[in-house]
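**Student:** Pasting a structure below so you can have a look.
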Amino acid sequence: MAQSADAMSLQMVSAVSNSSLLQPGCSLLNFDGHVFFFGQKGWPKRSCPTGVFFLDIKQNELKMKPVFFSKDSCYLPPLRYPAICTFRGNEESDKHQYIIHGGKTPNNDLSDKIYIMSLVSKTSKKTTFQCVEKDLGGDVPEARYGHTINVVHSRGKSMSVIFGGRSYIPLAQRTTEKWNSVVDCLPSVFLVDFEFGCCTSYILPELQDGLSFHVSVARNDTIYILGGHSLQNNTRSPSLYKLKVDLPLGSPALTCSVLPGGISVSSAIVTQTSDTEFVLVGGYQSDSQKRLVCNTIVLEDDKIEIVERASPDWTPDIKHCRMWFGCDMGKGSVLLGIPGANKQLISDANYFYILRCKGAEEDEEEELTAQICSQASTEDQGDSTPFEDSEEFCFSAEASSFDVDDIDTYNEDDEEDESETGYWITCCASCNIDINTWVPFYSTELNKPAMILCSHGAGHWVHAQCMDLSESMLLHLSEENIKYFCNEHVDLNKGLQTPKKAMHLKKQPMKPLRKKKTMNLTTPVKKSFLRRLFE
């Protein structure tokens, strides 16, 4: 395989433990060189009702500013592991929007919704986005995560294509032991008109397996899909698929072909360095081996070329670590992270690197907003534990303190300590939720217990299972905008409320009809009575 001569630089970045609100599965959005993230810990709190933050690092100082939504925006859950992609109204426009589909909610419920986010205005003090939820109709793809979404352009029309991902096993197949097991989604291709929210599914004979954490790159009317992991047979596909979408006036036409030169990899990171060039880095080539080789992907004239390129000088720590993780920073740069030596449930001992795929001159022309993103596992990874496909991402950044002079700056004090508000708290005297013994209780849970906010006082989180909430009641409370009070405070709350006095209407009792009585003059009566009678 030919090798690209473009140099790649690797720079280590220090990180500090100031990212308490950042959770695995967060996503990065890049608008005009400014980077934002959403998918924070838990549901958005008073520090940032939108759950979207602007990240900025300059001179080793991090500024974290909450972002506002316009009045006509919808609510955006802090989704983790969604599929995201950019969309431009026309190919020549510099302005773009982000399409967001699927992902996990904090209670590990999967979403099938589609959102479109666009930048309304940005100043040094305030950033405003518009977030619109599109109603989906037709063959709506099932809720999923770990999939991809791309935009194709054909005959002056644009549509989005959704493929792959993982979901929960169907209800009919669930057992006590496999209640919340995940499976790869069916290998269906969904074509979505994101303007009207109309979905159409296609089954292509060339696509035999549902793939998760694959890589997809798109140009014009063509999408290339490579790599990915299959849970059914625990393999990483070596195939390279070319998916071509034709959008005539009538029904769309999809064709798929299998090309040579694929790459067997999962959880790889892809960053775009030019209009036609991408760089593939990271990922795993087997359950016990990282993929340290990098590739350049060139899309031109309805064809694809994948060539191996000179890899950076990987440090010994990267070479010998059991797992690694990362994310695309945009502008041809990638953030890589490796875990520290200590094994804790929540560890800040991670080492981070910035991998720049462009030359030094291009880096000087395009100054990057440095950030750090990582995938952090909350489980103790044993020496024999295989690598995990990138299901968990979190973000951290180098900073000595938050900027408290700016009125819009995020205040870390607004977030309670993780030991008190995390999933593994002791929420009541009878709480038996233990990280070592806990098993899923509700169908919406996967690896974290479902929680619900008690509205007493300043509010606090409790486990839904400890509150003896049925699943239907938990879903009802989650969907309705009503206050909830835990078992400890429900009686107190009732005592504090003064019931309104109800006005009771007095009703005259109905008297039974009686026959008129005639006075018997022979009956002796009192004189006073006779006097009143004849007066």
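In case you wondered, yes, glycine gets a Cβ from its N, Cα and C as well.
Predicted automatically and left uncurated, TrEMBL annotations should be read as such.
The domain 'Recombination activating protein 2 PHD' annotation in TrEMBL covers 422-499. What TrEMBL records for CYS427, CYS431, CYS454, HIS460, HIS463, CYS466, CYS486, HIS489 is Zn(2+) binding site.
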**Student:** As a test of the contact definition, list every same-chain residue at least 6 positions from CYS427 (Zn(2+) binding site) whose Cβ is closer than 8 Å to its Cβ.
**Tutor:** ILE433, MET451, HIS460, TRP461, VAL462, HIS463, CYS466, CYS486
**Student:** Do any residues at least six apart in sequence from HIS489 (Zn(2+) binding site), in the same chain, have a Cβ closer than 8 Å to its Cβ, and if so which, in order?
**Tutor:** CYS454, HIS456
**Student:** Could you check the binding-site residues CYS431, CYS454, CYS486 and say which one's CB has the fewest neighbouring CB atoms inside 10 Å?
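**Tutor:** Among the binding-site residues CYS431, CYS454, CYS486, the lowest count of other Cβ atoms within 10 Å belongs to CYS431.
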**Student:** Identify all same-chain residues not among CYS427, CYS431, CYS454, HIS460, HIS463, CYS466, CYS486, HIS489 whose C-beta atom falls within 8 angstroms of the centroid of the Zn(2+) site's C-beta atoms; report them in sequence order.
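**Tutor:** Neighbours found: CYS428, ILE452, TRP461, VAL462, MET467, ASN487, GLU488.
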**Student:** Ranked by the number of other Cβ atoms within 10 Å of their own Cβ, which of the binding-site residues HIS460, HIS463 ranks first?
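**Tutor:** The most densely surrounded of these binding-site residues is HIS463.
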**Student:** Ten-angstrom check, please: count other Cβ atoms within 10 Å of the Cβ of CYS466 (Zn(2+) binding site), all chains counted.
**Tutor:** 21
